[in-house]
Each structure stands twice: as C-alpha cells, then as structure tokens.
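Asks: The feature active site, for GATase activity is assigned by TrEMBL to 84, 195, 197. The feature active site is assigned by TrEMBL to 242, 402. Sequence annotations record features per position, and here TrEMBL assigns L-glutamine binding site to 84. Annotated substrate binding site per TrEMBL: 330, 467, in sequence order. Per TrEMBL, the feature domain 'Glutamine amidotransferase' maps to 7-200.
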Ligand code: 1PR
C-alpha cells in the first residue's frame, strides 16, 4: 500500500494540482479539512498549500483551528512543506493584510512588488540562487520554477545574513530589481514561494525530494549565469485549445478564421475538428508548453451541468500535465435548466476543484466593465471578477478580450482611446480603437479594449488574454499595435494572442512589444510547428525560454 501524505485544506483554493503531483509520484493523498481530524496528529508528512489573499488564508488557518496542530507537527520534528501563501504564512505578516499576524516562524514581513517597472503579479518561470554551498530538496539553480504572486519576502543582504544566522537555508529569486525568498528551510520545515506542482518535472523533483526526506544535494557543477532580461522571467509560450461540441456531439478542439470555426459550405460546413482536447494538451505539455489554455467557445449556450465534459477534460489533463491550466467560457452567474441560480464564484470553484489554476472571463468581463464605468469607476463587489479574485486571488482571474479594429478619421469620433495606426483603414483612416465583442465575437459593443483592460484590472483581474478577431487564424503575426496599446493601459501581465503562424512571429512579438506571454493555437493544431521549435527559434535570437531537461 502506498504511503499517505496529508494536505491541510483550509478551503482557500485549488489543491487538486498538488494532489495530482503527489499521486503522480506514487503516494496517496488525504485532504484535512477539519483541524480536529485525528489523522492530522498522526500525519507524518504534511503539506500546507495556500492560494489567494494572505488575510483570507491566514485567518482561515486560525479560525478553523489549524494553528495548534501545525505548531505541534513542527515541534514534533515531522516534515512540513508550505507552498506559495503556505510559505508566506510562516512569516510575521504581509503588507497585503495589515494587522493580520502570520505564524511568525520567520521574522520578516512580506511586501508588494514595485509595479512601476514590471508587471505585477509576477506570473511566470524564474530561477533561484542557493545561498550557501549546498542545495536543499533538489532545488536546482539551473532550473525554472513557476511563480505567481504579488507579495513576496523581499530581502536585503543584511536580512539574508540574519536569517542565515538563525539557521534558515535560503534560495533567493530575483524579479526585476527586487530579490525575495523563493524557498526556505530549517530542520523539518520547508517552503517554496513557487508552485512545484506547476513547475514541470523540475518541480516534481522538489516534491519528491521532500517526500523522500532527501534534504541536502550538491549544487550542479556548472551554474548558469542568470539572464536579467525580461525581469528574469523566461518568455512564456502558451498553447490554446478552443473546445466545443461538434455536430456529432463530440467535444473537439477546433479553430476559426476570425472566429468562424466551420468549414466552407462546399466542404460540408462542419465544425473544424483538429483533435481531442486532453490528447492535444498532453502533446503540447510534452513539447514544452509553459501553460495550456482551454476555451469553451460555445459555453454561453450551456449550463454548467451540461458543461460537465469540460470539467472532465480538466480533471484528466491535470493528472499528468504539471504546468498551469487556464479554463474559459461561461464563467458568469448562470441559471441551470431547473431554475437553480449558480453564482460565477461557484462555477469557477467547479473548475478550480477539477484542476484549473486560472479561469478566464470574456463576455461577463465586458458587462462588469460597463457597470464599473456606469457606477462612477467603482465596482460594487458583485461582479464575478471581484468575487472570484477575492476568494482565489487576482492571479486566478484572467480577462479574455475579443477586440475588433474600428477605424476613425479623427480621435474625437469616439470616447474610447485611439492610437495612430501604421495600417490605415479602407478609407485612409489613420486612427483606430479596438471595440470589444461578446459571445465569441457575435456582438460588438461600444466599450474599447483599452477601457475594458483598465476597468477589469481595477476590479481585481490578474492577467489579460488579448485576442484579436482581425488577426485570429490569419497566420500573419500578432497585432503589435494592439498589444502595445493594452500594455500601456495596465500593469498586470498581458498574453498576446491571435495571428501566430510561425516561430518568427513569437520572436517579433517579444522583441517589438513588452508582452508578458505569447499564445498560439492553429499553427500547433495543424502540426505546422511544435512548441519546442518555437522555443528553439527564440533561443536562436537570444530570447530565454524554459526548457525542462529533468527526469524523475
Ligand atoms: O465569453 O466568457 O463565455 O468566453 C468565451 C471564450 O471563448 C472567450 O475567451 C473567447 O475568446 C472564446 N471564443 C469564443 N468564440 C470563439 C471562436 O473562435 N469562435 N475563440 C472563441 C477564441 C481565440 C483564441 C485563439 C487565438 C489564437 N479564440 O483562443 O486560440 O486567436 O489563434 P491562432 O493562433 O490560430 O491565430 P465567455
């Protein structure tokens, strides 16, 4: 019988991915939801994962009575591993939640990253530097690990020396010009700010080393020099799967031209079928995709119950794919066919519990932004962006924007922000704004994409997935003007999407814009290029990417 590993479940977020990673390594997992569960005292190896806001998580630990059993576990010398906000809980407190005290094992406060020079949250793959002459728990400074957070234990040299003197082993991570604790350990306590369960094989090795009690490992013979470009993050490549039911009722990956996913009439007019969602997702993970996104493109017609196949897709994909998974389509308040109201927070919860790390909101984000402006540039707390972000953290809420170019002769013709375009309109118009659309491009609104991005950031979104209907499926490269336009609107990360047709287009978007990630769909589905070919090309032109060379 396999050994059971216990995970504290303060009900603050998705633990499915961590369970999947531990189970993939051959262990059984048991979630502990109740601090009085006798199994908790008997647990040998304990995980303390946390996502979302610091106050939310730490308060749950205290109110649900987990503080004492955690302290008893640590005092008994039994191994415990904190992940993300689980690491943060070991500190005194956080600037995020003034007055909320942490477990105070590490005498330091967490601070917010400076968003004036870089995107915040930090979302992406960063390295770490081990302080001292040996590594701990298989952390490898040549590997990349997945981070997603706005607050961190930002440290000075002096604080590092003090913590070392107190017996803490440290691995430090640099994001832009700020350096923070990426991993920390002392005696039986170990914690990582990054998500090992979302860091490919490199991350699984860290979990494995913890579970096997393999504390100290030699550092690699050669430690690659850190490349400070792009604030230390690799160029993030995302594979996107537009999923829908075809005319035979099967769930397929499809791909449109400017959002039209049906073959031409003379070819039968069927929904284009490019493969099975889980198989393709696995293929792209194996090829080195840094993230996989599933968009249920006709979800606005369905109820969450009838969306069950998408939940199943996620559950299956999350079992063997250890990079972040995003799911979009139908994240909104819905009414089931039997009349039951299901709030968006619950719909999102279904996806998180099935293994999604982020949800992406399209149509309903436009509704929320319109309401925000009508309400004097304020949210009222009721939009799905606000409710999901409050419960699961801003990093879990992606806004999927489906914009279309609108040409004008004079910026005065619209209340939306325009740009002077290098590609004038059909009548020589020199200015353009981007109209947002809803319901998969079927309806166009008079809200600009720039305005949508700003409103949704203010409401608590953590990332923008920036599509472009004019470019979708065109293989002609990204709309660089649109990407720069939206990047100038927000400080949250932006994912460039629509138009990628060859590896050179990825290089172009990273070189000519400050996009935080680039997404491709059709060129991968049609087997024209693989994700690793894109990464090889980026490496050739001097853009760093993540390559997971580890083996378990
Ligand atoms: O409005 O919250 O229910 O979400 C619906 C989601 O489905 C939105 O994220 C919306 O972008 C997406 N969607 C709806 N209809 C379509 C369609 O194609 N008919 N697809 C659609 C969006 C855009 C990208 C695509 C890139 C890259 N597809 O996901 O993968 O454009 O393509 P390329 O690299 O081949 O050019 P809601």
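Heads up, residue numbers simply count up from 1 along the chain you see.
Placed from the backbone N, Cα and C atoms, the Cβ positions cover glycine too.
Note that TrEMBL annotation is computational and uncurated.
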Asks: Within the chain of residue 195 (active site, for GATase activity), which residues six or more apart in sequence place their C-beta under 8 angstroms from its C-beta?
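Replies: In sequence order, 17, 83, 84, 145, 146, 147, 148, 203, 324 meet the Cβ cut-off.
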Asks: Want to know which recorded positions, from 242, 330, 467, are within 10 Å of residue 402 (active site) at Cα; which are they?
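Replies: Among 242, 330, 467, the ones whose Cα sits within 10 Å of that of residue 402 (active site) are 467.
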Asks: Suppose you look only at the domain 'Glutamine amidotransferase' (7-200); what would the mean pLDDT be?
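Replies: Per the prediction, mean pLDDT sits at 95 for the domain 'Glutamine amidotransferase' (7-200).
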Asks: What's the CA to CA span in angstrom from residue 242 (active site) over to residue 467 (substrate binding site)?
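Replies: A Cα-Cα distance of 12 Å.
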Asks: Report, in whole Å, the straight Cα-to-Cα distance of residue 197 (active site, for GATase activity) from residue 330 (substrate binding site).
Replies: 27
Asks: Indicate whether residue 84 (active site, for GATase activity) is helix, strand or coil by DSSP.
Replies: strand
Asks: As a check: which entries in 84, 195, 197, 330, 402, the recorded positions, place their Cβ less than 6 Å from an atom of ligand 1?
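Replies: By the Cβ criterion, which requires under 6 Å to ligand 1, the hits are 330, 402.
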Asks: Including all protein chains shown, what's the count of other C-beta atoms within 10 A of the C-beta of residue 84 (active site, for GATase activity)?
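Replies: So the number of other Cβ atoms within 10 Å of residue 84 (active site, for GATase activity) is 28.
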Asks: In whole Å, note down how far the CA of residue 467 (substrate binding site) lies from the CA of residue 197 (active site, for GATase activity).
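Replies: Cα to Cα, residue 197 (active site, for GATase activity) and residue 467 (substrate binding site) are separated by 28 Å.
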Asks: Can you count the other CB atoms that lie within 10 A of the CB of residue 402 (active site)?
Replies: 28
Asks: Counting across all protein chains present, how many other Cβ atoms fall within 10 Å of the Cβ of residue 330 (substrate binding site)?
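Replies: Residue 330 (substrate binding site) is surrounded by 27 other Cβ atoms within 10 Å.
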Asks: Around residue 467 (substrate binding site), which residues of its chain at least 6 apart sit with Cβ under 8 Å of its Cβ?
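Replies: Expected: 400, 401, 402, 403, 497, 498.
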